[in-house]
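Structure, as structure tokens:
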Amino acid sequence: MVKPTPMEEKLKYSLLRDLNDSQSIWTRNEKRTWFLTLLAGTCMLYSTRTTMPLLVPAVASERKWSKTDSGTVLSSFFWGYTLTQVLGGYLSDKFGGQKVVLLSAIGWSLITFWMPNIITSASYLSSYSIPFIVAVRIVNGACQGVHFPSMISITSQNLSASERTSFFSILTSGSALGTLLTGILGSFILDYFGWPTVFRVIGFLGLSWTLFLRYYTMATDRNRIINLSQPSRICSKLGHSETVPWLKLFGRTSFWACVLSHACEMNCFFVLLSWLPTYFHENFPHAKGWVVNMIPWLALPPVTILGKALTEALISRQWSLTKIRKLVQSFCFLGQNAALFIMCHTEQFNTALACMSIIIGLSG
């Protein structure tokens, strides 16, 4: 096969961007294949992400970590995760989201698989053991930070504008599936085989997904032939790309409202994601691990689906998108705040579990 020239590649993607606003580039079979692949990938992403929070009570007890050490190890993931959000989108648009997703997945899967060795090796570094683990966790977060920007790039280049929102919103449900996988499978393995085996199994599953992505999904992605019936319009699009009016956005209060609300939501969600196992382990030590690591996350998929259905119903009644977003966001925030307040003052396991389920469910 003759390798296309840079100009031909540029022409190809210019055409694809022009066409896929009104119709999908993927065929029906390709949509199904990529949907299942990316859903499984998001599942494995969150499965590996929630492995350390699940295991940190056991690891901290064995390695004599303080609460500060545990918190630093858990939070360091997000230091790297934050740094690669914009970079992930840029690299995906430039080199292809498929390649970025694949390379990053190899990174976070390998780190998860070798984490027992990393923790053991760090113990020989004396006072540098925690900084060493923190450095590895930062790299792990950086690898995972490009996943969602890459998925957005992939879907935007291959789906029509009308399909992208629903396609991507359903893909994000893989986060709940991955958390459930770790909560159920990880808790079982932890009870019977110990924490190192949990890292090994989850890391192996992540690596297996990368092999499927590379040698099946990406290998069957066919070349498309486009009829060049309007050469003048096609050539005029070369070198033209839509730019985001950042300066105008930064001057809008609505933009900052979205940024701040999302920051508050993510702060709540990821604090719970990181500390939920530790909270139940310390306050309700006799509770079953699989119960506290599974039940709260079961609330996320149905609430997400219900929220999507409610939003579509309000849109069909001619409600403005701005009004709908304000209403839904306010309802979720108020519900989460109420549940958090109750959870801070309860000593009942069932009440705490119900509040945690409400908080996580409303985050969807």
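Even glycines carry a Cβ here, placed using N, Cα and C.
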Any idea which of 33-52, 333-352 is down as transmembrane segment in TrEMBL? 33-52
Quick check for me: are there 3+ Cβ pairs below 8 Å between the transmembrane segment (100-119) and the transmembrane segment (255-275), leaving out pairs under 6 residues apart? no
Given pairs 6 or more apart, does the transmembrane segment (195-216) have at least three Cβ pairs under 8 Å with the transmembrane segment (33-52)? yes
Average the per-residue pLDDT over the domain 'Major facilitator superfamily (MFS) profile' (34-364) and send me the rounded value. 86
Near the transmembrane segment (125-146) in space but 6 or more residues beyond its ends, with Cβ under 8 Å, are 45, 48-49, 52, 65, 69, 72-73, 76-85, 87-88, 91-92, 100-101, 104-105, 107-108, 111-112, 115, 118-119
Between the transmembrane segment (33-52) and the stretches 72-91, 167-189, 295-315, work out which stretch tops the count of Cβ pairs under 8 Å. 167-189
